[in-house]
Amino acid sequence: MGSRNPNGSLPQLSQPSKYGITKPISLAGPSEADVQRNTELEKFLIESGLYESKEEAAKREEVLGRITEIVKIWVKQLTRQRGYTDQMVEEAKAVIFTFGSYRLWVHGPGADIDTLCVGPSYVNREEDFFIILHDILAEMEEVTELQPVPDAHVPVMKFKFQGISIDLLYASISLLVVPDDLDISCVSVLHNVDEQSVRSLNGCRVADQILKLVPNIEHFRTALRCLKFWAKRRGVYSNVTGFLGGVNWALLVARICQLYPNAIPSMLLSRFFRVYTQWRWPNPVMLCSIEEDELGFPVWDPRKNPRDRFHHMPIITPAYPCMNSSYNVSVSTLRVIMEQFQCGNGICEEIELNKAQWNTLFERYLFFEAYKNYLQVDIVSADADDLLAWKGWTESRLRLLTLKIERDTNGMLQCHPYPNEYVDKSKLFPHCSFFMGLQRKEGVSGQEGQQFDIRGTVDEFRQEISMYMYWKPGMDIYVSHVRRRQLPAFVFPDGYRRPRTLRHPNQHTEKACEDVTRSQSGSAERRIKRKHDDEAVDEKLSKPRDCSTSNFGGTSHISIGQEAKLEYLRTGDVDSNSDRLLDREKRYEEITIQQARTDDQGSLTTCGLTSLHVDNLSIVRNVGSQEQ
């Protein structure tokens, strides 16, 4: 972690002309002030608990050893059952590789271990891995929360082994015997394998290539550890939600290391924000040139592949076949990411001027104070095991709701999905909730009283969710609108809403974010600093009476000037002693809502129904009020 040589001098500058597809921006090394800031940064990382203990590291090694033993026994059993010779059974094995944060050595306490099991050609994924190995693991006391996800883009088996979270992939290669010293980075390993195996192998191959393509591995690791921590604190760390995941952040940091090969971590951090606030997306970020091979697998190339032309933030993997690792990023999530880059850049500039400390950069993003309107997505199931699978399926498709809203409102309604999940501990049945911030696109004036009717959008989303192959009775999803003042208490860290005057303990962070994004009228950071007049106007909108309270907001069908029916789940419908989550005959209660009147601001006012008012634009959709 240190940035000085043993004799106390500054590190020797290198001339790494071989790194990257362009020349470095600067070969400058650190100044005395940079070294001091780097020391303070490393101290901050340690105090923040980002490094695991020796005991936990030893336990991870032990768990990986046990998993290696299990998969070897599993392959030997299958080899024997299929009539191979005794010598073949003796030589049969599977090999375990790691990738992701554990392979890059930037994992922290409690992080999962991304693992890949490579087996021989006669051991398949569909039956041997997801059925036979699954059943072996299910019978072991050390294994808990076992969740197979065979239909994922990269099929995976998730579980905990002695409390350590494991994501286990499988790839079958075209060899009868897998050697212990298999070189997974060699292209020949991809011969005669299916695309799912290629994607599974790609994680390990990408991790190995990243470590080969950065000029200083230790500086890269420290900088990446910082950026991962920052992204989680600022709510932009989640590939599945449409933001960036671990490999995306690793590739972005690695490119900065190439552009500033002699920079130490504190310098890399500030250069990261400086470069990417000015990056002209969708120009791709690449660590090396894209190469094609005679194997014929498709590679990212917008000239040949029309689908690649619609990627908003391409970050290309360096191992063949080169792919866009950030294809989940949408217009809305790119906007949020860029706002956070602007915020980070402004704070780093103040740190370099000795006007701020490192802890300011890493302060938590106040998501539930950034918007006036939210969508709440509640996921429920009959038991905890069902919730694990149902939540995984639903969460992986939440980004589709963002895309559909963008599509159906022509980009006029902007969504900010938040990657964190929340649980109301006062509820006795298995459930969790996700939230999305909503706002009208800034800089575009709309007619007074104009509405966004996204009823069909959410219905389409729910129908797609309900097509889950492993659906069971009790699995359900509810989408509802909540205003900021109606947010449930369980989303706040202390379990209650702070007084308005105490809402901004990190005013320095928010002020810096506002300053650097002043030219961007859509800044979510700036929206939380609106005058109280906005809230006063909001309060004038009629409030739903007690008849509107329910456990979860359901699907509403509302047309101005017509009667509508609101279906919602009542609190008393949950019977914890029943095998079924809900009594289907008593599950829904219909409330007839009389003709809605239009408020002066263009919002709706009804009993049990509140329209979503977004700066004089309304959303008519899923507006059952939450239980206070």
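Cβ from N, Cα, C; glycine included.
Over in TrEMBL, the protein carries these features:
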- ASP112, ASP114: Mg(2+) 1 binding site (BINDING)
- 531-546: compositional bias 'Basic and acidic residues' (COMPBIAS)
- 20-214: domain 'Poly(A) polymerase nucleotidyltransferase' (DOMAIN)
- 219-364: domain 'Poly(A) polymerase central' (DOMAIN)
- 367-425: domain 'Poly(A) polymerase RNA-binding' (DOMAIN)
- 431-500: domain 'Poly(A) polymerase RNA-binding' (DOMAIN)
- 1-24: region 'Disordered' (REGION)
- 516-554: region 'Disordered' (REGION)
Secondary structure tally of the domain 'Poly(A) polymerase central' (219-364) (DSSP, helix then strand then coil): 72 helix, 6 strand, 68 coil
Three-state composition of the domain 'Poly(A) polymerase RNA-binding' (431-500), taking helix and strand from DSSP: 18 helix, 20 strand, 32 coil
Secondary structure composition of the domain 'Poly(A) polymerase RNA-binding' (367-425) [DSSP: H/G/I, E/B, coil]: 26 helix, 18 strand, 15 coil
